[in-house]
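The next block holds one structure in the form of structure tokens; read it before the comments.
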Amino acid sequence: MGETNTVHSPLVTYASMLSLLCLCPPFVILLWYTMVHADGSISQTWDYLKQHGLQGFIELWPRPTATAWKIIACYGAFEAALQLLLPGKRVEGPISPTGNRPVYKANGMAAYFVTLATYLSLWWFGIFNPTIVYDHLGEIFSALIFGSFIFCILLYIKGHLAPSSTDSGSSGNAIIDFYWGMELYPRIGKNFDIKVFTNCRFGMMSWAVLAVTYCIKQYEVNGTVADSMLVNTILMLVYVTKFFWWEAGYWNTMDIAHDRAGFYICWGCLVWVPSIYTSPGMYLVNHPVNLGTQLALFILVAGILCIYINYDCDRQRQEFRRTNGKCLVWGKAPSKIVASYTTTSGETKTSLLLTSGWWGLSRHFHYVPEISAAFFWTVPALFNHFLPYFYVVFLTILLLDRAKRDDDRCRSKYGKYWKLYCQKVSYRVIPGIY
């Protein structure tokens, strides 16, 4: 099965799968309940649970309703149609371990604009009010929790019965296969890429849609939008816009090129992204904070700067790879290491490792502005409650773990060249600290 086995032992897989299955769904519901019904206060929710116990928790868990399923189905079908039908440039992904090269249609930016324009138009012309989404949020999350689980079971069956490419296989352990996934590039037909749909068009797109929803909800309730909500929404939208602008670059990352389409990544993108990533905005709906123009502008500019640096890190590395190192990095020729490695089929190939520019500061410096940006779109909520900051904490843990996984993968791939690279760029994430 390749690298997924070397990265995680069965024990780690069982533990993470059990925790994801047992802890994440209730957490999503408790987070929603706390933000929407318990004033954002963890202690209020805790008191409720202490008083009412498990029965109380079961009572507060919303049942998926027909409205919730309808909203999800319309949204999913709309995004799938845009993914298939909108024109886009042909883009090739990286060559896979078994020598396949996936081909994509890069129409993410178009899909993003069409989605937001359609959503806002439906609201503007009174055809559909986005506040309905907010009012049914608990039921929608509940439906996503169950629906995505079934979706992952179908992916597992597909991996066994009808894999899309040779980048598929079983580890011989059903739980590991279900959790980490069977297929690297599952598709429906030749053109509909399932991972692009779950990660980008459903997950990331829902982030933008929900950010706008929260903003509209606050406006409908209060007749105005607080500057804190504006800063939060603008920064989230700038970040998601950057994502779709750079979507073809995302297809070269660990998520797409190394992590298989299993419960871990697909359930995460279908459930965790819409619920957890948008949570600072969910909190602000009922807690409008007035920051004042000066502070609001400071946070906005700082946040946009972080998102720009995050983008520029990725752009720098992409440009370096595209030109085979024949480009300028910060105005001068880049310093690099030429690393050779052997593929699974026994071929020897070379890669260039960039050691200057942003990538000379640390091996995963691009995570620093990403975490900082998340902090800046959360900080408009100020510090009355911890819960809005959960995403920032979660993202920090996620990215530090990813940095470690990526380092381990590169160490086994490049051997002595990676050692050389680590000597040259000695910090993993935060220059001078870690």
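Placed from the backbone N, Cα and C atoms, the Cβ positions cover glycine too.
Record features, source TrEMBL:
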- 12-33: transmembrane segment (TRANSMEM)
- 109-128: transmembrane segment (TRANSMEM)
- 140-157: transmembrane segment (TRANSMEM)
- 196-216: transmembrane segment (TRANSMEM)
- 228-249: transmembrane segment (TRANSMEM)
- 261-279: transmembrane segment (TRANSMEM)
- 291-311: transmembrane segment (TRANSMEM)
- 373-400: transmembrane segment (TRANSMEM)
Interface check, the transmembrane segment (109-128) with the transmembrane segment (196-216), three or more C-beta pairs under 8 A: yes
Surrounding residues of the transmembrane segment (373-400) on its own chain - C-beta under 8 Å, 6+ positions past either end: 31, 34-35, 40-42, 227-229, 231-232, 235-236, 239, 276-277, 279-280, 283-284, 287, 289, 291, 296, 299, 302-303, 306-307, 310, 364, 367, 429, 434
Intrachain neighbours beyond the transmembrane segment (291-311), with Cβ under 8 angstroms and 6 or more residues off its ends: 227-228, 230-231, 234-235, 238-239, 242, 245-246, 358, 366, 369-370, 372-373, 376-377, 379-380
